[in-house]
Amino acid sequence: MASPSGYSLQDPRAPNPFTDSRMQQPGPPQIHYGQRSQYAESESDHEHYASANASTTRLAGGPACPSHTLYSVPWDSEANRRYNPSIDSHSSIPSLSPFADPGTGSSEPYPAWSADRQIPMSTEEIEDIFLDLTQKFGFQRDSMRNMFDFTMQLLDSRASRMTPNQALLTLHADYIGGQHANYRKWYFAAQLNLDDAVGHAQNPGLQRLKSVKGPKGTKSLDSALNRWRNAMNNMSQYDRLRQIALFLLCWGEAGNVRFVPECLCFIFKCADDYYRSPECQNRVEPVPEGLYLNTVIKPLYRFMRDQGYEVVDGKFVRKEKDHKDIIGYDDINQLFWYPEGLAKIVLSDNSRLVDLPPAQRFMRFSKIDWNRVFFKTYFENRSRSHLLVNFNRIWVLHISVYYFYTAFNSPRAYAPHNKLNPSPEMTWSAVALGGAVSTSIMILATIAEYSYIPTTWNNASHLTTRLLFLLVILALTAGPTVYIATVDGRPNQTSQIPLIVGIVQFFISVVVTLAFGLIPSGRMFGDRVAGKARKYMASQTFTASYPALTRSARSASILLWLLIFGCKFVESYFFLTSSFSSPIAVMVRTRVQGCNDKIFGDALCANQVLFTLAIMYVMDLVLFFLDTYLWYIIWLVVFSIGRAFSLGFSIWTPWSEVFTRMPKRIYAKLLATGEMEVKYKPKVLVSQIWNAVIISMYREHLLSIDHVQRLLYHQVDSPDGRRTLRAPPFFTNQSGHTNGTFFPPGGEAERRISFFASSLTMSFPDPLPVDAMPTFTVLVPHYSEKILLSLREIIREEDQNTRVTLLEYLKQLHPVEWDNFVKDTKILAEETDAMDGTGSQHTEKAAKVDDIPFYTIGFKTSSPEYTLRTRIWASLRAQTLYRTVSGMMNYSKAIKLLYRVENPDIVHNFGGNTERLERELERMARRKFKFAVSMQRFSKFNKEEQENAEFLLRAYPDLQIAYLDEEPGSKGGEARLFSALIDGHSEIDEVTGRRKPKFRIELPGNPILGDGKSDNQNHAIVFYRGEYLQLIDANQDNYLEECLKIRNILGEFEEFSVSSQSPYAQWGHKEFTKAPVAILGTREYIFSENIGSRHSVPMTARALAWIGGKLHYGHPDFLNAIFMNTRGGAADLGFGTILNFQTKIGTGMGEQMLSREYYYLGTQLPIDRFLTFYYGHPGFHVNNILVIYSIQIFMLTLVFLGTLNKQLAICKVDSSGNVIGGQPGCYNLIPVFDWIRRCIVSIFLVFFIAFLPLFLQELVERGTGKALLRLGKHFLSLSPVFEVFSTQIYSQSILSNLTFGGARYIATGRGFATTRMSFSILYSRFAGPSIYMGMRNLLLLLYATMAIWIPHLIYFWLSVMSLVIAPFLFNPHQFGYADFMIDYREFLRWMSRGNSRTKASSWYGYCRLSRTMITGYKKKKLGHPSEKLSSDVPRAPWSTVFLSEIVFPICVAVIFIVAYMFVKSFPQPGTQNPSPLLRILVVAIGPVAWNAVILLTLFFISLLMGPMVSWARFGGFMAALAHGLCLIGMIAFFEFFWFLELWDASHATLGLITIIAVQRAIQKIIISVFLTREYKHDETNLAWWSGKWYGRGLGNSAISQPAREFIVKIVEMSLWTSDFVIAHFLLIILTPPILLPYANRLHSTMLFWLRPSKQIRAPLFSMKQKRQRRWIVIKYSIVYVVVVAFLAALIVLPALFRDTITFTCTLCKNI
């Protein structure tokens, strides 16, 4: 029965092919429902299901889809069997103008899809399709209504700029069948074409690839793609729409399953197959509503949820699992990529899903046991080797080249002992070992890669092959060296063979290094990226599909990197390496003479010079890395400026011209005037746009009335009596100086107009007419951000530290705007008074007094309309949702404005009826722009938040709010969650007082599983409409003039002029090959200029985007919605194809380094794009880590050189560098000191270059003067200090995240920068990340300065100081004397708090928190309420702790011990020095032992006395006693050591450094080895001091806990004493400014850039408070002076009286 020509049975719905196609609208037979409702909003519409049952008759009558029983076809014609073809095609119909206006004021909901536009199917028919699908699959009714509206808006949006037929075709191509549709890519990647082709005779399991040996060529991918295209081409429009509808219905209820796009594709495929089966078509009864959600989505959702959460006491609790143990979205998704993965899906009866025929699979979804299906496909282990695997090419390019350079420049290192220079063959061979270095890097990377990829999966095989290849190459590159070394130096050696071998080895090495440095490791030895083998299909489709660059961009990209590395390799060779050759030559053979140690003899000290050289090698390597970054910034800036010029930005365009040409540009670029008649003058149109912009600025109080007059177009009488438009003087003003005539100087208005003017000089796409533009949606996720500020928040101080009310602060920041606001309010008040008749005449003076309330709080009478004005004024300048909503609503204003200006006929048609005109404009704005806020907590808002949200809805009725609605479950069952949508038009429910939702769609469960933001966006994403999506943060603003560019921006998606060919036609499809634009970056202005200039602005982003390296940064970018939503949604990591990363910067970066995206990008991108990606993103952070390391390694180098300089006689040289005679036993280390100077210069340069982009950005946008000014401001506000400090914070947080996980860096402060933090808070926040490290480096620097002073070290003093004092320097009012002393009191209390009863903020709490990172918390809660001081931290795994907390500290300690021992190994002639090692150990371990003794003693005292004493403070007293005694002990040991060193300052400093290193190692080992997990509460601490161990809820562990607590306390005592001393040292550094008059004023000026007169007033205190403060200040000043004097005396006095103090101490002589 197979019909000829490959067509199967004639589709009953297809029209007769021979009739005139224009006569007949294709579409299903018209079946009139019993009750037709246009989806009325009324809730009484439940009869839909009843009445709709009638419609199934048609489907039961004749087989709408030919079923397999009717005929049999050979399987290779599957293309024809799978889809029912429709002969009808509309391509021949001459269509009307697509922009024909469907009649003004038409009330069609979807105007572009209306009957008079030759639509392929009517709205009613589309509605039928949705109803039919809903009954067949059990979708929710609300979801169906939502998705129907969604589809119609999409069709309306597309059809407004192309024929409706083409709109439907392209939409189907985007979702299902086109070349860029994710579904089609997945279909071929998972090789389903084979699954469908094999038929069911053979077993379509894993064997299918082997079993089917069909005719040659039919299997090849190309013919399969052609068959697919033909099948798509032959589908009827009805079926195309049905597929889109089915996909959207599946997507609309998928909840969190939307994050796994390929899983969704699989679900859709099964549903589609089922729909076409006779079983489905013959079903009469509709299935129950919610069936799809319960059987398909919920099981998958539950699996996802149970990965991360467990139920404890009926509540979901996050499991203590790290990424590598959780089967996450990506792992679930990847299962569906491979045919082998699909074969793993098993049902509860152990049969496999793939063994069923495709049509039956969907109905078995409820039987699938998902727990047995999924597994990890990539392990996100925490370790630093991710850096090695993902970025191996970076290491090869740097370390190997460095080796080549350095080996060539240090010949003496491998010369035979009796010669100065090695033989030529040895030189070739030694340098050639660079190849072995790169091979070793690759081998290490490959071994590390094994730990990330499950070996069971189909990708570990290539790792093994790679490893074998690499081992062979290692033998080739390293083997010859062994041979040459054995042959070399034999007497009578004349053969040329060694030399030839050496040269060949060298060239092999160069080739190997180049290959490893350039070829991605994923493409080496078995190409996973471009290989033709079928098994790589999925990884190509999903992990290596980055869009190709245009030829010009690709050439630019390659050129950029050639320039960067060209410059870098040349400069590094001369500046770093060849200059390093002379120190090497001097040092490599030097051995120290005449030194001796009691234990080690001269084994260590004789080699001190070599140790120093080794450290210098490492230092040079770090600088070698930093150099690349330096050149990267320089060239990127050059390219950016070039790019800016080519886009039309220019520094040299005179400003005046930018402004004078502005009207022409507005006309040419912003208006779609091509369609208009010529009868309107451009000037008239431009004047409307320009005046609207100026008036919007006036309304925002940016301009005063006088300014507005000078900026507007005015109508004036011309000499001949006609009215004409006069251009504003602003455009005709030629001087280009606006100095205050047009704008308030330096205000926001000026910045905005300048930016607008300069942006119009760029070229951008032409706009479409408003009614033809695409529809787009702005989506804002909102959690708990302020909606509108309350009066109280504005005019009351937050706490006594703030010093200033929010309103005062905002008035200082925006003085002009406040002034305009007050003038406005006064006018308003006078009008109201006049209306009430209360206005009266005042004298001048009285009027001034009258105005005071206006200028202080903005209103005089507290009636709501006035207070609300002030609240709104402040809210628009703070981080509120109101500001975002009012800003984004400018889109609506812009669309109305453009529509009105471009269609003057409409204005005429409505005559003077402004109300109807306004309605028409509203209709257009509402059709083209939607705005949704996803308010996750809306249903849980408190009264004030509810009022504010209601205020938003009343102010902007078109605003839509999506929120989570919860219904408690029936007894003990889970609660049901719904995603609901309301807007300002929703009616209010009388009973609850809440608005009734328009849609209410049940979710599979609580959607917030991961980080809140993406999940919050995901639940609301079903409510977006149109083709594009803009994601906005809940604190961003937008301006009218920027919104006017919306059509041009959407034009950048390159979808305005779509080919009129069918995307499936045989030749037409070639016009659709260009990759779609997925993301469009827009500029974000960061509102913080006045809050201290510490932000860089993305100028270089332009160049990066051009060469294909800009990752999605989050906001405020535009997204191509269809593209995103078929690939996992517009949020979250896990688009295999889109590099979409949002970073809470430091730790987020650490998390990203673990992610599989970085792995795929790092191992598959071609070299130039890889480098762009690396340096633009992770490289920036790796560079930060290296900058900090460079400082530390440099300090180490200085210390070692210092020991040499201090103990050895350095030769004096003459001017030409030759050693002057007559200096026996001297060491020539002069070249080394030259090298040091060069190093400092290069570190300084790397640092300084970081400011270059900012400077050039300003240069391009504002001209030279302003750029220099801003740079000056930057340096004056101590920005460099902040840079060093933030670099340290960054690198610290990334490293600790890679090691321990857990985002640990808490952001400072909230809101505005005027809050003064107390010393103890800042100390506890920044001690761990930066202060401790800074203090250690200060000691190293102190030693270096004493041992080798060169002026260059001043730079380092500044850098290291900034690590220590930055947090305090950027603390407002840090240097007020009274505040400083009150801080000191608070600090002393903080140090001693929390030992008698629990305190929220105490030193003990801080100490415990920093420890839990390693120990973790106890899991079980023993009936004691857990304090939520910190989230659940799992214990860090052993492997990571072992390296970072045990090995590393021991190494550091050893290095310093070696340095100290060297200094001590020069005895007086005839004597033997006591062992320095013994001395260090005694002084380092002594205090620990002393602490242990004191603690034991006090423990027994408190154990005996505690229970008998009823004094509440007993515990605190015991703790204070212990702390005091331990402090005394530590000081005593220090003094003892000071005495042993015989008061020699530099030796004592080095000794101190060593002692600290040893103590740190001891403490870290104790914490990580001996401590079990922490309790969540601090009962054990209270028990220890008070002696009361019972009743603490410790249960059985009350016996073991005292022992653990004893170990903890030993460490704590050492930490307490060191914190006490460090903090005092810090306070001493911060003291001098306090004693200077006016230092505080000056400091504030620097921080805030407010003139002293404008500065924020001091807080007002009552008399009583003043007295209290005065007393505190006096008392604590005395304490502070005494403590500081005591500490100073301990160091200074012995040094002063060193000659008079003599002890005779025999024991001391042996230590």
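Every residue gets a Cβ built from N, Cα and C, even glycine.
The compositional bias 'Low complexity' feature in TrEMBL is assigned to 86-98.
Sequence annotations record features per position, and here TrEMBL assigns domain '1,3-beta-glucan synthase component FKS1-like' to 238-350.
Feature annotation from TrEMBL assigns region 'Disordered' to 1-61 (among others).
Residues or ranges marked as region 'Disordered' in TrEMBL: 86-114 (among others).
Per TrEMBL, transmembrane segment is recorded for 426-447 (among others). Proximity of distant same-chain residues to the transmembrane segment (426-447), defined by a Cβ-Cβ separation under 8 Å and at least 6 residues beyond the stretch ends, is recorded for 385, 388-389, 392, 395-396, 399-401, 403-404, 407-408, 411, 414-415, 463, 466-467, 470-471, 473-474, 476-478, 480-481, 484-485, 488, 499, 501-503, 505-506, 508-510, 512-513, 516-517, 521.
The transmembrane segment annotation in TrEMBL covers 467-485 (among others).
Long-range contacts of the transmembrane segment (497-519) within the same chain: residues 392-393, 396-397, 400-401, 404, 424-429, 431-436, 438-439, 441-442, 473, 476-477, 480-481, 483-484, 487-488, 1167, each at least 6 residues beyond the stretch ends and with a Cβ under 8 Å from a Cβ of the stretch. The feature transmembrane segment is assigned by TrEMBL to 497-519 (among others).
Summarising the annotation, TrEMBL assigns transmembrane segment to 558-578 (among others). Same-chain neighbours of the transmembrane segment (558-578): 397, 401-402, 405-406, 409, 620, 623-624, 627-628, 631-632, 634-636, 639, 1107, 1167-1168, 1171-1172, 1238, 1242, counting only residues six or more beyond its ends whose CB sits under 8 Å from a CB of the stretch.
Residues or ranges marked as transmembrane segment by TrEMBL: 599-626 (among others).
According to TrEMBL, the feature transmembrane segment maps to 632-655 (among others).
The transmembrane segment annotation in TrEMBL covers 1235-1256 (among others). Counting only same-chain residues 6+ beyond the ends of the transmembrane segment (1235-1256), those with a CB under 8 A from a CB of the stretch are 575-576, 579-580, 582-583, 616, 619, 623, 626-627, 629-630, 633-634, 636-637, 640-641, 1096-1097, 1099-1100, 1187, 1190-1191, 1194, 1197-1198, 1201, 1267, 1270-1271, 1274, 1279-1280, 1283-1284, 1348, 1350, 1352-1353, 1355-1356, 1359.
Beyond the ends of the transmembrane segment (1340-1370), by six or more residues, the same chain brings 1092, 1191, 1194-1196, 1198-1199, 1201-1203, 1205-1206, 1233, 1236-1237, 1240-1241, 1244, 1247, 1278, 1280-1282, 1284-1285, 1288, 1308, 1319, 1322-1323, 1325-1326, 1330-1331, 1333-1334, 1545-1546, 1549-1550, 1553, 1626, 1629-1630, 1647 to within a C-beta distance below 8 angstroms of the stretch. Per TrEMBL, transmembrane segment is recorded for 1340-1370 (among others).
Residues 592, 594-597, 600, 602, 604-605, 608, 611, 1196, 1199-1200, 1203, 1206-1207, 1473, 1476-1477, 1479-1480, 1547, 1550-1551, 1553-1554, 1557-1558, 1560-1561, 1564-1565, 1568-1569 of the same chain lie 6+ residues outside the transmembrane segment (1446-1466) yet bring a C-beta within less than 8 angstroms of a C-beta in it. The transmembrane segment feature in TrEMBL is assigned to 1446-1466 (among others).
Below 8 angstroms of C-beta separation, residues 1391-1392, 1395, 1479, 1483, 1486-1487, 1490-1491, 1494-1495, 1498, 1501-1502, 1511, 1548, 1551-1552, 1555, 1585-1587, 1609, 1613-1614, 1616-1618, 1620-1621, 1690-1691, 1694 of the same chain, each at least six residues beyond the ends of the transmembrane segment (1517-1538), sit close to that stretch. Summarising the annotation, TrEMBL assigns transmembrane segment to 1517-1538 (among others).
Summarising the annotation, TrEMBL assigns transmembrane segment to 1620-1639 (among others).
The feature transmembrane segment is assigned by TrEMBL to 1673-1697 (among others). Using a Cβ-Cβ cut-off under 8 Å and counting only residues 6 or more beyond its ends in the same chain, the transmembrane segment (1673-1697) has close neighbours at 1377-1378, 1381-1382, 1384-1385, 1388, 1531, 1534-1535, 1538-1539, 1543, 1545, 1621, 1624, 1627-1628, 1631.
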For the transmembrane segment (467-485), distant same-chain residues with Cβ under 8 A (at least six beyond the ends): 425-426, 429-430, 432-433, 435-436, 439-440, 442-443, 446-447, 498, 501-502, 504-505, 508-509, 512, 524-525
Secondary structure content, the domain '1,3-beta-glucan synthase component FKS1-like' (238-350) (per DSSP, counts of residues): 71 helix, 10 strand, 32 coil
